[in-house]
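First the structure, in the form of structure tokens, and then the observations on it.
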Amino acid sequence: MNSTKRTHLLSSLLIFINTTVLSRFSLANDTLTQGQSIKDGQTLLSSSKIFDLGFFSPGNSTSRYLGVYYHNISTQSVVWVANRGTPITNSGGILTLTSSGNLLLLNDQGNLLWSTKSNPIVSNTSVTARILDSGELVIGSGDGTVIWSSFDHPTDTFLPGMKVSLDRKTGTRTVFRAWKSPNDPSKGKYSLGLDLSGSGQIFIWKGRRPRWRSGQWDGTRFIGSTMRPLYLYGFKPIVDNSQNSMYFTFTQFNSTPLRFVLQWDGVENTSILVEQTKDWRSVWVQPVNECETYGKCRDYGICSSDRVPICSCLRGFEPRFSEEYNSGNWSGGCVRKNPLQCELVNSTNRSNKNITGGNGQGDGFYKLQAVKVPDLADWQSTVVNGEDCRSSCLKNCSCKAYSYVSGIGCLFWGPNLIDIYQFPQGSGSDLYIKVAGSELGHKSKIWRTIVIICASGISLLIICCILLCWKFNAQIKGWLKKGDKQSSQAGSLRSMREVRLGFSGQAELEEGREGKDTELPLFSFDTIAIATSNFDSVNKLGEGGFGDVYKGKLPGGREVAVKRLSRSSGQGQEEFKNEMILIAKLQHRNLVRLLGCCIQEEEKMLIYEYMPNKSLDAFLFDPTRQPSLDWSKRFNIIEGIARGLVYLHRDSRLRIVHRDLKASNILLDEDMNPKISDFGMARIFGSDQNQLNTNRVVGTLFHKIPNIVNIVGFAWKLWEKDRATEMIDPIIIDSHSVPQVLRCIQIALLCIQDRANDRPDMPSVVLALGSENPVLPMPKPPLFTMEESPNETLAMANRNESYSVNDVTITEILGR
């Protein structure tokens, strides 16, 4: 007996010492074995350090709870709570995995606050509790069987890998319940789950009353939601008709953490984790306005957040209680003004001649566009197209409305039409409301009148256009060559061949278009938005005259640079088209690679390969980064730029001049190899041309800073006095090669000669750079003049604008 007491006392002492020493540290792994415990202050950490299982206090509360939360996130991000309704009043909580395979949560008095209540295991079976990288806490046996999972008992957060399920046979379903308040994780007023009727809709309830519904699933999205399909790509419905059950599951399509949280105020918040800030960014919330509240306008009412008041009766209906309805109390809903013809025919009083409403006209439909279709739909499984759906509803007097939705099929609605919402963004479905023929007659006359007027107007317009084309054929061709901005942007969605560009060299453009169409991969706006964390300023790489450039990560992990055309930049439309068509046709190691584009409504973006070292100016003009550019790297960059220009001027299928070459348009890859970018100002010139005139001043504006404006004059003076070595950057004094530097200076002075004939073409420049002892002519003093050829004189005479070489960079004689 004494021996037993001593053994018990020794065991208790060892447990006390063990838990006291480790109480403020995380366990070394993600697993509890039978008999092991964690106390307040200890955590289990998932293998990839994504989630913790441990104790926490929410908000400003002092109560303690056991839960799963994200590891190393700046904002407390709890995804699951064990003891929601039984908080621990101090830090004496302890979690133990028993020999029977249950997790028990005890307070410091030894009282049971929560347990998994899993089925007892067979004796001698090895059992562990483990926190996974998905955020799931599981109890499993040695053979891999899951005995209990926290995903089967969710709180307020839906994570990838979870299920939202419904078993109609047993009436059980997965329900997510919001917290009572930000400081209290006990069950609140709001819950989320699948519709018990089996419609496949997700509902948010306040108590027992619906607050919001998602609409049916069409294979890509919930049709009653304005959420962008991008965030739903991982959703997948699973239906088991034999078991009369179904569930939705979600598989994340990229590595960016994403969660769906039912907040304490009844709002479902979808958010992604911004990697740089380690904080959450909301990408979608619902309901976001009054019209998304379930049944806001009651029966036969439609809600539109763009109108005041937001509720109105459907056409052919009127308020049940006009005075209340007009005062903003819409609880009475609306009723039909005139009975349907089919209702009159079926009525026992159909012989009563005083009955009105049909007026001898059959029932018909009027169309509501871009709406959230009503609740309580009846799916017609045998109807296979929209025309049959209409015909079937017209023949069925109990059908009061129909909609044929791609991915779902034919939907009928019976006596009540409730929860109709006019989407402001133009998404949604078309809904056809059955009304008496008398409700359509007047409208039909109006439409006939409108059609006649429009047809007459269009005919007159066509005749005028024919006359104009006949009289001003040459001018019409000129207009077509320039192209309409909007039509050319829309055309590029189908084929790069259809984009009309404002090139003067039409023959060369057509030559470049020979052969197969140049197809660019098209990215949706949603893909780019998620790749750039919704264009977060943290991902901003820079900005230019036509918009901002962002770093992004596509699904699959590829890093890209996204050039987003500013909506306010009217000057950038032509340059965007120019760059899109030109770079798609160019392939060279010293030209930046265009991976695709995005043209969606007002959004226009180009997606490039990402250059981790950004642009050359970031090194040249940053004193902290200049030392990393030794002479060998600088010379490699010079040669690479020259080779890229040779390709543009001579070797590419389209001979191109860049017209805006500067340090910020030279990008550097991870090995510091240069890549020419930004072809918005580029021009095509003919294969038989060696000079080209511009019709407008182009380039990059810069300030008149005295110490850099006359840098050419300064360089010439040092060269003329045989002091060119004084131009060498002191930073590269130990790594440079004097002959190479002097050769580069000489070539640079030759490239800015006043006469075109005195300037070397780019193939000659590359040859001279690569030769040890090239024979180069001596440069002449730059006179800062522009000698005009006859063509140039004519072009200058036709110009309206004046310009100064000190204000802009101008390319006047090109193609060398």
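Placed from the backbone N, Cα and C atoms, the Cβ positions cover glycine too.
Taken straight from TrEMBL:
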BINDING   K563  ATP binding site
DOMAIN    287-323  domain 'EGF-like'
DOMAIN    360-436  domain 'Apple'
DOMAIN    535-816  domain 'Protein kinase'
SIGNAL    1-23  signal peptide
TRANSMEM  446-470  transmembrane segment
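Under a cutoff of 8 A between CB atoms, and with a sequence separation of 6+ in the same chain, the neighbours of K563 (ATP binding site) are F546, G547, D548, V549, M605, L606, I607, Y608. In three-state terms derived from DSSP, the residue listed as 'ATP binding site' belongs to an extended strand segment. Model confidence over the domain 'EGF-like' (287-323) is summarised by a mean pLDDT of 94. Under DSSP, residues within the domain 'EGF-like' (287-323) fall into helix, strand and coil as 5 helix, 9 strand, 23 coil.
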